[in-house]
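Colleague: According to Swiss-Prot, the protein carries these features:
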DISULFID  C99-C120  disulfide bond
DISULFID  C166-C178  disulfide bond
DISULFID  C173-C191  disulfide bond
DISULFID  C185-C200  disulfide bond
DISULFID  C212-C227  disulfide bond
DISULFID  C219-C240  disulfide bond
DISULFID  C234-C249  disulfide bond
DISULFID  C254-C282  disulfide bond
DISULFID  C416-C430  disulfide bond
DISULFID  C423-C443  disulfide bond
DISULFID  C437-C452  disulfide bond
DISULFID  C474-C489  disulfide bond
DOMAIN    43-159  domain 'CUB 1'
DOMAIN    165-201  domain 'LDL-receptor class A 1'
DOMAIN    211-250  domain 'LDL-receptor class A 2'
DOMAIN    254-365  domain 'CUB 2'
DOMAIN    415-453  domain 'LDL-receptor class A 3'
DOMAIN    454-490  domain 'LDL-receptor class A 4'
CARBOHYD  N71  N-linked glycosylation site
CARBOHYD  N199  N-linked glycosylation site
CARBOHYD  N359  N-linked glycosylation site
REGION    639-753  region 'Disordered'
SIGNAL    1-36  signal peptide
TOPO_DOM  37-496  topological domain 'Extracellular'
TRANSMEM  497-517  transmembrane segment
Amino acid sequence: MEKRAAAGPEGAPGARAPLAVVCLVNLFLTGRLSSAVPALAACSGKLEQHTERRGVIYSPAWPLNYPPGTNCSWYIQGDRGDMITISFRNFDVEESHQCSLDWLLLGPAAPPRQEAFRLCGSAIPPAFISARDHVWIFFHSDASSSGQAQGFRLSYIRGKLGQASCQTDEFRCDNGKCLPGPWQCNMVDECGDGSDEGNCSAPASEPPGSLCPGGTFPCSGARSTRCLPVERRCDGTQDCGDGSDEAGCPDLACGRRLGSFYGSFASPDLFGAARGPSDLHCTWLVDTQDPRRVLLQLELRLGYDDYVQVYEGLGERGDRLLQTLSYRSNHRPVSLEAAQGRLTVAYHARARSAGHGFNATYQVKGYCLPWEQPCGSSSEGDDGSTGEQGCFSEPQRCDGWWHCASGRDEQGCPACPPDQYPCEGGSGLCYAPADRCNNQKSCPDGADEKNCFSCQPGTFHCGTNLCIFETWRCDGQEDCQDGSDEHGCLAAVPRKVITAALIGSLVCGLLLVIALGCAFKLYSLRTQEYRAFETQMTRLEAEFVRREAPPSYGQLIAQGLIPPVEDFPVYSASQASVLQNLRTAMRRQMRRHASRRGPSRRRLGRLWNRLFHRPRAPRGQIPLLTAARTSQTVLGDGLLQAAPGPVPDPPVPNTDTGSPREAGDGPPSGSGHAPEVGPSVPPPPLNLRDPEYRPEDKERKACVDPLEDSPAPVDTPPEPCLAQDPHPQTPTASGIQDPHSAEPLGVCRSPPPTCSPILEASDDEALLVC
C-alpha cells in the first residue's frame, strides 16, 4: 500500500522535509529508497494523510492478522465543498463489549471530540458518508488482543454533489455524486439516496456473507436473510430451507487416502467449535494416478501453535518436505505443486486452539474443476487439458489478483478500459500492462506488484512471485521474502561495504589535506616570524654555529699531523704499515669529500638548519666572532691543543744547566721566579715512537698538508726551543712550570707559523694546522 506521512492536515509540507532527508541518506548508503518508507507508516506513531480523489486503506499487516497493541491513524483531506464516501470491502475486528478492546473510529474530528462512531466485530458496516471535506480514521488493538482477527479494508472517494458527468469507470447517482462502478448493485447504499441500488437489472444471487454477524453464515436463498452459526455448517443436517448449509461441503475426516485427479478435503475443526482438551493430528495421502504435477490450494485458519506440513510423495519424509505453513499464512491463498501427482498433507493442532484448521482442493495441473474456467486462450481439449496450465473460478474474476500467468481472469473487466487491468479491492483504479510487475506501485494497494509470474526488463523475479530491481540482487541484503535474490551469488563485497569504504577514504583524504595545509601554514608563519627578527648578526651567528668540529685525535695521527705517543704505541714495522694504510685511506676520503662538497650542498644544509634547527640564542645578542689563530701548540698527554688569544709573556728562563732536560721533561717555568730545582723522577723517555721519526723533523711535520705526501713549504726555518733565548717570541723548553701558569708541561710558544692553512673550496672555515 502506498503511504504518505505527514504531521497533520496543515503540517503535511513540513513532514515531507524529514522524509526527504531520510530518503536521501538511505539512497546514498544502500542505493534504495524503499527501506526508509515503512518507518513512516500510519502505525509508527505518525499520521498518514491521503489527498487522492480515490484510494484504499488497510489495517496493519493486511491480509494477515493485525498484531495486538497497535495504534494507527489516517486523515483524508478533500477540497472545499467535497463529500467523502467510505465503503468497507472487508471487516474483521475482534469483538468485545461496547468495542472496548479493539475498535475502529471514523468521524470529522479527532478525539476526544470524536463522535461515537466506533466499530468492531465481523459484520461489514454500512457506508460512511461525511458532509465535511475531511475525515479522521483511528484504529486501536489492545495489548491483550488474541491476534486472530484479520482487520479491515475500505475504499473511499471524494467529490462534490450535483456533478453533470462522471468518469467512464464511475457511476452517477441521482444526487449528482460519482461513485466507482463496482459499487453499483452491491446491496450497500453509497449514494445516500439509494439510487445505486434501485436500478439494478437483477438482484444478487446471494446476499454478501458479511451482512451476518461474526461467527455466523447466511443461507444462500434469494429471499433468505437467515444467519446460522458456523457450527451448523456441514454438520449433516439441512438447516437452510434450500440446503445450502450442506452444499459443497468438503471431506471433514481426519485423514484419508484420495485417488481422484481432483478433489477437496478439510480439517475436522473447520466448521466446529473450540477444540477439546486433546491435540489433533491428521494425515491425507493424495495420489492422482497421473504422472503429471499436482496442484494443491489451501485456505488456512490456523491457531497460534497450529501448523500444516506438505510433503512431496506419499509419506512424511524430511527430505521431501515442500513447506511448513503456520498462522502467518492465514486469510490468503496458498498454492503448492508436487511432482508425479503425489503428495502428503499433515495437520497438527494444539488442544484448545482458537484456530479452525484449513480447507484444501487439489487437481492435476492442466485440468480445471467443473466450476472453474481455464486460463489458456484455447478451448478445452478432448482430454480436459488447456493451452495454459491454470484455472480460475467466477469469484476470482476481476478481483484484482492475477490467478493466470497471462492475466486472462483480469481482462475485459467492466471497471477498466479494454487494455488495462483493475486494482484489487474494487477501488475502480486501473493500470496499464507496462506497469505490471516493475517494482513500482501503480495501485494504492500494490495489486500490480502481487503474484507476478514474470517481471519487466531490468527486474529480478523472486521465488515468492515478487519483482525487485536487478541491481538489488547479490547486494548482501535479502529483498525477496524468501531470500532468493541472494542465492547463487559469487563471493563479492556488498555494495554498502564498498560505499562505506569509499566514504571513509574520502574523509581520510580530506583530513590529510587539512593536516598538510595546517603544517604548511604553521611553517609559513614561523618563517615569517623568523625573518621579521633576522639581522646581519643573527645570520653570522647561524654561520658560526654551523662550523665543523675539529678532527679527533685518531684522525690527526692517521693524517700524520702528530706523531704517536705513549698511549698509542707502535711496536713493529707491521703496525707502522697499518698506520700508514690508515693515513692513506683518510687522505683519499678527505680528497673525495673536498671534491663532492659545493655551493649547492652548502645551501641545502643551510635550508635544513633553518627548517629544523632554529637558533636558540636570544634575539639581539651579538656573537663574538674572532679570527681563529693558533698561538701555542700543546703537546701533553697525547693531545694537540690550540689555545687562541694573544701570546702571554714568556716565562723566566731556567738558569740551571746542571741537569739539562729535553723540552717537555720537567715542570714548566714560572712567571718570572725560578723555582727550586729538586730531585724529581724524570718521565719515561719516548721510546715507542715511529721508527722513522726524527726530532729534527718535528717542526717540519707539524706543517704537513694532509692532502699531500710531501710537507708544505715554510717561509722561515723553525728555531729550536732554547730556554736561554731571552727573545719573547722564542720557544722555551724549560722543564720548570710556573705556578701561575695554567699550561701543562712541554709548552712550546712560537710565533704564528707561516705555513699555509688547509682550505676547502666549499667551506667557510679554514683548518690551520701547526
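Including glycine, each Cβ sits where the backbone N, Cα and C put it.
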Colleague: Return yes if the domain 'LDL-receptor class A 1' (165-201) and the domain 'CUB 2' (254-365) have at least 3 CB pairs under 8 Å (sequence gap of 6 or more), otherwise no.
Modeller: no
Colleague: Sort out for me which one of C185, C452 has the most neighbouring CB atoms within 10 A, since those are the disulfide-bonded residues we care about.
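Modeller: Per the Cβ count, the most surrounded site is C452.
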Colleague: When you look at the domain 'LDL-receptor class A 3' (415-453) alongside the domain 'CUB 2' (254-365), do they share 3+ Cβ pairs under 8 Å, ignoring any pair fewer than 6 residues apart in sequence?
Modeller: no
Colleague: Take the C-alpha atoms of N71 (N-linked glycosylation site) and C416 (disulfide bond) and report the distance between them in angstrom, rounded.
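Modeller: Pair distance, Cα basis, whole Å: 35 Å.
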Colleague: Give the distance between the Cα atoms of C120 (disulfide bond) and N359 (N-linked glycosylation site), rounded to the nearest whole Å.
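Modeller: On Cα coordinates alone, these residues lie 26 Å apart.
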Colleague: Quick one: of N71, N359, which of the glycosylation sites has the smallest count of other CB atoms within 10 A?
Modeller: N71
Colleague: Sorry to bug you, but what's the C-alpha spacing from C173 (disulfide bond) to C219 (disulfide bond), rounded to the closest Å?
Modeller: 31
Colleague: Note down the number of other Cβ atoms within 10 Å of the Cβ of C430 (disulfide bond), including every protein chain shown.
Modeller: 21
Colleague: Between C99 (disulfide bond) and C200 (disulfide bond), what C-alpha distance do you get in Å?
Modeller: 35
Colleague: Distance check, please: Cα of C282 (disulfide bond) against Cα of N359 (N-linked glycosylation site), rounded to an integer number of angstrom.
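Modeller: Rounded to a whole number, the Cα-Cα distance is 13 Å.
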Colleague: Quick check: of the disulfide-bonded residues listed here (C200, C437, C443, C489), which one has the Cα closest to that of C249 (disulfide bond)?
Modeller: C200
Colleague: Count the residues of the domain 'LDL-receptor class A 3' (415-453) that DSSP assigns to helix (H, G, I), to strand (E, B) and to coil, and report the three numbers in that order.
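Modeller: Tallying H, G and I as helix, E and B as strand, the rest coil: 6 helix, 4 strand, 29 coil.
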Colleague: By CA distance, which of the disulfide-bonded residues (C166, C416, C474) lies nearest to C173 (disulfide bond)?
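Modeller: Nearest by Cα distance to C173 (disulfide bond): C166.
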Colleague: For the disulfide-bonded residues listed here (C200, C240), which one has the lowest count of neighbouring CB atoms within 10 Å of its own CB?
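Modeller: Comparing Cβ neighbours within 10 Å for the disulfide-bonded residues C200, C240, C200 has the fewest.
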Colleague: I need the nearest neighbour of C452 (disulfide bond) among the disulfide-bonded residues C178, C200, C240, C254, C423, using C-alpha distances.
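Modeller: Nearest candidate: C423.
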Colleague: Using a Cβ-Cβ cut-off under 8 angstroms and a sequence gap of six or more, which residues of the chain neighbour C416 (disulfide bond)?
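Modeller: Within the chain, C416 (disulfide bond) has Cβ neighbours under 8 Å at D169, P422, C430.
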